[in-house]
Amino acid sequence: MSVRERLPGGSVLPAGRAEQALLVGGLCILVAAVFLLTPLSATIPGALYVFFEVGILFVIYGLLVLGLDLQYGHTGLVNFGHVVFFAVGAYAVAMLSAEGSFEGVALGYPWMFALVVGVVAAAVLGAVVGATSLRLRDDFLAIVTLATAEIFHTLFVNFRGVFGGNVGILGVPQPVADLAADSDTSLVATLLLFGGVTALTLGMLTRLTDAPYGRVLRAIRADELVTRSVGKSTFRYKMQAFVYGAALAGFAGGLFALYNGAVAPGFFTIQVTVTVWIGMLLGGASNHRAVLAGLAIIMGLRLVSRFALDVSPVAADAFASVRLIVVGLILVLVIRYRPAGIWGDERELGVES
Amino acid sequence: MGVAQNVVFGLVTGSYIAIAAIGFTLIYGIVNMINFAYGEYLTIGAFIGILTVGVLPLPLPVAAVVAMVGGGLVSLLLARVFFTPINQTGPVPMLLTSIGLGLALRNGIRLTAGRGSRYFDTETATLRFDGLPALSVGPVDLLGDVFVTSEQLVVVGCAVGVFVVVHTLLTRTDVGIAMRAMGDDESLARVRGIDTQRIRDNVWVLAGVLAALAGVLLGIQTNVSAGTGFSQILQILSAAILGGAGSPYGAIAGAYVIGLVLALSTVFLPTGMTGLSSAIAFLILIGVLLVKPSGLAGREVREA
């Protein structure tokens, strides 16, 4: 066994997977561009609409889960307010780029500029939260981040003049829909484009965490004191991981705003954080592909319940409750019986099942 | 409305938060977990009470006792099934388990009890103090007319009763002293022959009883629906951490601070922004964790 393999977390993924993801991402974006820039158009059969809608949401949440996995899976930072960075990115993009919103700020700047500012805004918030709270014990970091998310949620609801209250910001430009020939083509192109972006992110993050840099992050999770004692500035690494994750969430928020054409507090509840966390734990934290697969399972439940709804006599909101009960119990069962997740490495995570 | 009236509201809010926060903080101190499902315990208690009043025509005080017994049993059962088996895994897995359990419980309640809100039908007597002179500072009236309803007196009275009982329990009984010993140092407590698992069970029962009482009081004072507990959990948690997680006395103080801040912020905030009061409670929480993480009384939560 070589030295490299014996190091904790020597290599999670065999070389080449990062390149695969980058390749797939690039191809997806190319195909999306073909759909958008040529008169080529797609038609989606009625029954499949829901797959595309959930699929787009999945790739956007995919960015969230990748960022969270960098924070929790690799570095061990228990961020339970991940939705706040998503929301800040989305609101920043919406307020800067929207034109003629019903209520709230709408500045009408170009969307590309807005997207950059959205990412920066989320990163700055991440830096502020990180600088103040990353020294807290794990479970208290969870509480601070959760409280931060709740504070921002309250701000969004209450400052109607700025954030548009419960209605949110309307009239956000939808660049993909504007370019596409019709709404079906726009859905297909959006899924390909965002899916490509998520795949590219997966590739880049895999590169990052396969590098010695990722090894330091995993060492911090395993034992911060030891890592510090070999001369690593652990706080700086934790801070970087936290800010990267926050910026990625802000980017996801920006994409969401530009796809959805509107943002409202209802899109950014604690439910988003819970979904992403459960997806990550189910798949297996610290394995980028696994967390995406776990998230796919959890979000796939939405599809199952959508179709089961058609054949069952129960009311829709009763069905939503049943789905959430199942999701909650999955979380409980995963932590109890497979603490490393389905595809996670138990030895790597230092947990016993 | 004057400041004095809001102080009354604040004391009432603080009272039921305090009752719940004692239970929350005992779980934190002795089982060593943040129980995010704890809000649901309030909801369960309140619904047991409402069911008792509705199905069996029992008077409200009896129903409250039934709810407390039921709440204690439910809490013990949930702990035995969900938390005791993973006691050794550390705080984060237990926190996550409680989040999953909370999600399942909340929706289970919603499924069985529906979305509507319920309340206890009580006769209300209102005590008015109208003669107070206005003492205005700027736009804010410091005194003004004050009223207190009998329901509010019941809530505050129950809280004071709970404080006395919990204090007596913790200082005068073997179980309570064992609880405090475990909160200080579990291994040392075990060495001294304390059956730590039995004490943990006792803490779960006590926490469930307190949560159920807080839930019933919420139902008397306002109303309860499936989402009630969840909307209270962050305030309970803020109170417990503000007071120094693990310390029941700190939790009481923290609860009244939170209650008063929530009520008074409605006086000082411009109209239309009163929804911000909960954000202010969380700001206090974050501030406390950053400046004095050990809270008003309690232990260190900072690692490095």
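FYI, residue positions are counted from 1 along the chain as it appears here.
Here the Cβ of each residue, glycine as well, is placed from N, Cα and C on the backbone.
Positions annotated as transmembrane segment by TrEMBL: A:21-42 (among others).
The annotation transmembrane segment is assigned in TrEMBL to A:48-70 (among others).
Long-range contacts of the transmembrane segment (A:77-97) within its own chain (CB-CB distance under 8 A, at least 6 residues past either end) are made by residues 64, 67-68, 71, 104-111, 113-115, 117-119, 121-122, 125-126, 129, 134, 138-139, 141-150, 152-153, 156, 162-163, 168-169, 172-173, 238, 241-242, 245-247, 249-254, 256-258, 262-263, 265, 267-270, 272-273, 276-277. Here TrEMBL flags A:77-97 (among others) as transmembrane segment.
Feature annotation from TrEMBL assigns transmembrane segment to A:109-128 (among others).
Under 8 Å from some Cβ of the transmembrane segment (A:140-159) lie the Cβ atoms of residues 77-84, 87-88, 91, 129, 132-134, 165-166, 168, 265, 268-270, 273, all in the same chain and six or more residues away from its ends. Positions annotated as transmembrane segment by TrEMBL: A:140-159 (among others).
TrEMBL lists A:187-208 (among others) with the feature transmembrane segment. Sequence-remote contacts of a segment are chain residues at least 6 beyond its ends whose Cβ falls under 8 Å from one of its Cβ atoms, and for the transmembrane segment (A:187-208) they are 13, 17-33, 35-36, 42, 44, 49, 52-53, 55-56, 59-60, 62-63, 66, 70, 176-177, 179-180, 214, 248, 255, 259, 288-289, 292.
Taken from TrEMBL, the feature transmembrane segment covers A:241-259 (among others).
Sequence annotations record features per position, and here TrEMBL assigns transmembrane segment to A:265-283 (among others).
The transmembrane segment feature in TrEMBL is assigned to A:290-309 (among others).
Per TrEMBL, transmembrane segment is recorded for A:315-335 (among others).
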Top partner of the transmembrane segment (A:241-259) among A:21-42, A:109-128, A:265-283, A:315-335 - counted as Cβ pairs under 8 Å: A:109-128
Maximum Cβ pairs under 8 Å to the transmembrane segment (A:265-283) - stretch from the list A:21-42, A:48-70, A:290-309: A:290-309
CB contact flag for the transmembrane segment (A:290-309) and the transmembrane segment (A:315-335), at least three pairs under 8 A: yes
Sequence-remote partners of the transmembrane segment (A:21-42) [C-beta within less than 8 Å, at least six residues beyond its ends]: 176, 179-182, 184-185, 188-190, 192-193, 195-204, 206
